[in-house]
Amino acid sequence: MRWIKVMAGLLPMIGSKGADEKDSSQQRRLSRVVVPEHYDLHVKILDAGFCGSVGIRVMISQDVSEIVLNAKELEIRDAGIVVEGARIPGRVVVGEAEKELEVVRIVFPSSLRAGPGYLTMEFCGDYSNGLVGLYKSGGPKEVYSTHFEPTDARRAFPCFDQPDMKATFKISIDAGSKFTVLANTQAIPSLREEYGDRKIEYFEETCKMSTYLVAFVVGELSYIEDWSKDGVRLRVYGDSSEVEWGRYGLEVGKRCLEYFSEYFGVGYEFPRAGSAKIDMVGIPNFSSGAMENWGLITFRRESLLYVPGKSNVEDMKNVAGTVCHELGHMWFGNLVTMSWWDDLWLNEGFATWVSFKGMENIGSVVSWDVWGEFVLWNVVRGMVDDGLGKSHQIRMNVTDPGEIGEIFDSISYCKGASVIRMIERYVGESVFMLGIRRYIKEHMYGNGNAMSLWKAIGEEYGEDISEMVEGWISQAGYPVVSVQDCGSSLVLSQSRYSMLGKSDDSLWTIPVVVSWEGKGQERIELRGRETTVRKRSSVYKVNAEYGGFYRVLYDSAGLSGLESRIDSLSVVDRVNVIEDVFGLGFGLYGGLEHGLRRISEYYSDSYHVARSGIEKLLRLRSVFYDDAEIVSLIDKKVRKMILPCVGRIDVFDIGTSVESVSMNKYVLSVGVEVGIREAVEKVQELWRRHVEAGEELGELRWIVYKAVVDENLGYMMDKYKNGDTPGMRREVMNGFSGIKREENFLDVVGNLSQFSVEDIGVVIGSISRGGAFRDAMVEYVVSHGEELYLMVHKNAMLYNMIIMSLRHVSGDLIVEKVERFLSGIKHSGSNLSIEKVRNEIQWRRRMRGIREEVLRGLLPEAEK
């Protein structure tokens with residue numbers, strides 16, 4: 001989810017060609033001369049592959065001599081169309097041009113007249129190796145499952161595979177009798193056919209939906225279930241040995257579904273009231289976190305299953321966030337679908353934002369600072385990635401599948417969600433909610449776009465907001481708002497922020513919210529290059545509650561006032577100050593030396609504040625990883641900041657709340673990283689007790705693994721393969737960042753094929769971040785690039801994870817090797833990742849050019 005140059009003169013705008021239609025357009029989208037209305041899809045699951053048949057009720061709007069639809073890596077035969085009761089055979093054409101464009105042509109002996117028809121064909125295919133299309137997961141018990149977003153339904157059956165060609169589906173699956181068979185809708189027991197050791201399950205007809213949401217799963221599965229107050233059946237499916245671990249996800253799902261039904265003003269009724277259901281299934285091998293197939297959500301196991309007493313708080317947050325994200329899609333994405341993939345951000349950004357809305361409103365099952373998490377993992381991440389040179393706009397014009405897969409990134413998700421939050425905070429929660437309800441009711445079971453959404457919100461707000469919002473989604477980057485304190489007034493001005501010193505003439509309509517000490521908040525629209533605001537108090541904060549997606553550059557008076565009140569700021573406002581000071585310092589806008597001197601004053605024992613501050617120092621440490629003096633000074637500063645907290649930590653009782661556990665874990669992990677003896681000794685004592693007396697490592701598992709990996713690599717590999725919790729594999733891989741022995745490094749990278757295909761990039765990324773073998777890991781990747789591409793079965797998203805591991809280097813020789821490697825990549829779907837790596841490396845080298853400023857900020861006053 002996360003490939004084609006058009007051969008000039010060979011193919012028109014892909015679609016069903018009328019008799020007089022010319023090959024003039026070279027777009028990849030199917031034409032709408034023929035559109036689907038309904039599919040009868042039958043699939044037979046076999047050991048070595050699959051086969052099936054599809055009948056598609058279509059509407060033809062003008063006379064055509066052929067019908068073109070999508071298919072990839074399928075053998076298609078016996079195609080034809082029934083028109084007015086007579087079947088007309090068609091010739092299947094799949095040449096090199098069609099393969100390149102992932103289509104099949106059904107050519108008829110004479111023109112078909114405009115009107116209805118029933119297109120039929122049979123097909124066979126092999127299971128995909130790349131975790132897309134219809135594929136088979138390994139493990140003790142094999143599971144056959146689908147993953148179609150964005151454009152992989154065509155790997156499983158011939159179809160009109162684009163989001164604006166919605167249709168209804170009747171699905172039937174032929175599989176072994178021992179298997180549970182699931183699809184988007186409920187099975188109809190009275191229609192089940194059994195023969196020999198096999199059965200055919202028939203499923204209720206779906207509502208109109210896009211092909212990427214079609215799904216089916218076949219495997220030996222057990223389930224647990226619950227019902228929402230509106231009568232929706234929710235189930236978690238998994239292996240019988242672990243399905244009980246789905247209780248937490250099931251409870252989150254039920255509560256979130258009930259909240260969303262109320263928030264959106266439309267109940268969940270897929271496919272219809274009385275038979276509505278949501279199945280959530282943990283899949284053994286899965287490329288992303290989850291997939292929002294309507295009525296049948298598929299998950300990576302650790303994103304759905306939580307083991308009380310053994311899983312950690314990160315697992316809990318991951319399960320809650322992922323379940324709420326996918327349920328948000330049931331309305332935003334499924335009920336109303338973007339017309340084309342250029343509005344993908346509307347699906348993913350909205351689902352990301354609304355998942356936090358859901359977590360905030362479902363009671364005690366979520367007991368952490370939801371919006372503090374949102375700021376750290378969405379606003380901060382989105383700003384870092386969007387501030388690095390050649391980013392891309394939120395709404396990005398895409399045509400081929402490779403481009404579509406690339407925009408499942410932090411811009412679509414994190415920046416998209418942050419912009420939505422900014423709009424909601426500006427127009428108000430209730431107005432925004434009413435606008436969302438209006439949008440959904442106007443476009444139910446159809447397609448929408450961003451302009452339709454802004455129109456609906458504007459009608460509730462009483463003012464057109466489209467002009468304000470369009471700048472945020474149609475141009476890359478974001479602004480820095482400079483604040484000049486003129487005594488009785490403030491002058492606010494804007495320019496584009498860049499970490500690479502590449503500004504331009506971009507302008508945004510910025511919904512600025514200023515918090516005045518003792519005077520409340522004021523909303524201001526900064527439309528042009530600058531505006532003047534009457535000053536209401538001497539202390540103020542621009543971008544109240546970190547609600548806007550922009551940085552703020554204060555002059556000395558403004559920043560001094562904020563720093564004098566730093567302890568009274570909310571968590572997100574305090575994080576905002578840290579992020580702005582260092583974000584601007586990292587962009588060479590000035591103030592980095594000041595920020596480094598004051599970082600200890602910005603710091604607090606709040607998890608989100610502490611993490612924000614320390615991460616800035618660790619990011620600098622990563623830039624200067626081969627500079628012993630800088631690394632030593634950063635470690636010294638970090639040790640001084642966190643030592644009191646480390647001293648209070650009891651590794652056998654790590655905390656009583658999610659906040660305290662998160663804080664203590666983070667500080668302890670950093671303490672081990674920067675060599676605090678007490679932190680190392682505490683972790684080693686926990687490991688000793690684990691080995692000698694079976695003490696559970698619990699929340700500290702990955703931190704312990706990182707500390708002891710060199711002496712216990714075999715143990716960790718066993719835990720990777722036979723872990724006690726679904727999340728343990730991730731903890732083992734995180735622990736690889738602690739490898740310091742060359743023989744262990746060579747053992748891991750020399751045997752990457754022993755890891756699941758979706759984990760190979762994670763392992764490489766962990767080692768490349770670790771420091772000891774950063775350059776060596778990068779050397780390995782650039783020397784084995786093609787081998788790694790084949791190892792992940794040419795899955796662009798998984799290969800891009802490997803490419804992104806190259807961004808952590810700065811030295812001249814290794815950077816030259818990385819650039820040669822990047823220049824030689826010819827695989828489609830990696831252009832954005834390549835640019836991100838280049839931009840990150842360019843920024844790192846730019847930062848190394850201000851070493852003296854960094855040194856001045858780190859040195860104690862007496863040593864300057």
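Every residue gets a Cβ built from N, Cα and C, even glycine.
As annotated by Swiss-Prot, active site, proton acceptor applies to Glu326. Take the CB of Glu326 (active site, proton acceptor) and look out to 10 A: across all protein chains shown you find 27 other CB atoms. DSSP assigns Glu326 (active site, proton acceptor) to a helix.
The local packing around Glu292 (substrate binding site), expressed as other Cβ atoms within 10 Å of its Cβ over all shown chains, amounts to 24. Per Swiss-Prot, the feature substrate binding site maps to Glu149, Gly289, Ala290, Met291, Glu292, Asn293.
Annotated Zn(2+) binding site per Swiss-Prot: His325, His329, Glu348, in sequence order. For His329 (Zn(2+) binding site), the same-chain residues that are 6 or more apart in sequence and have a Cβ closer than 8 Å to its Cβ are Glu292, Asn347, Ala351.
Take the CB of Tyr413 (site 'Transition state stabilizer') and look out to 10 A: across all protein chains shown you find 24 other CB atoms. Under the heading site 'Transition state stabilizer', Swiss-Prot lists Tyr413.
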Glu292 (substrate binding site) - helix vs strand vs coil (DSSP): coil
Same-chain residues at least 6 apart in sequence whose Cβ lies under 8 Å from His325 (Zn(2+) binding site): Gly289, Ala290, Ala351, Thr352, Val354, Ser355
For Glu348 (Zn(2+) binding site), the number of other Cβ atoms found within 10 Å of its own Cβ: 28
Whole-number Å value of the largest CA-CA distance among Glu149, Gly289, Ala290, Met291, Glu292, Asn293, listed as substrate-binding: 13
Around the Cβ of Asn293 (substrate binding site), the count of other Cβ atoms that are within 10 Å: 28
Spatial separation of Glu326 (active site, proton acceptor) from Met291 (substrate binding site) - C-alpha basis, Å: 7
Candidates Glu149, Asn293, Tyr413 (recorded positions) with Cα within 10 Å of Glu326 (active site, proton acceptor): Asn293
Environment of His325, His329, Glu348, the listed Zn(2+) site - residues of the same chain whose CB lies within 8 A of the CB centroid: Glu292, Glu326, Gly328, Phe332, Gly333, Asn347, Phe350, Ala351, Thr352, Ser355
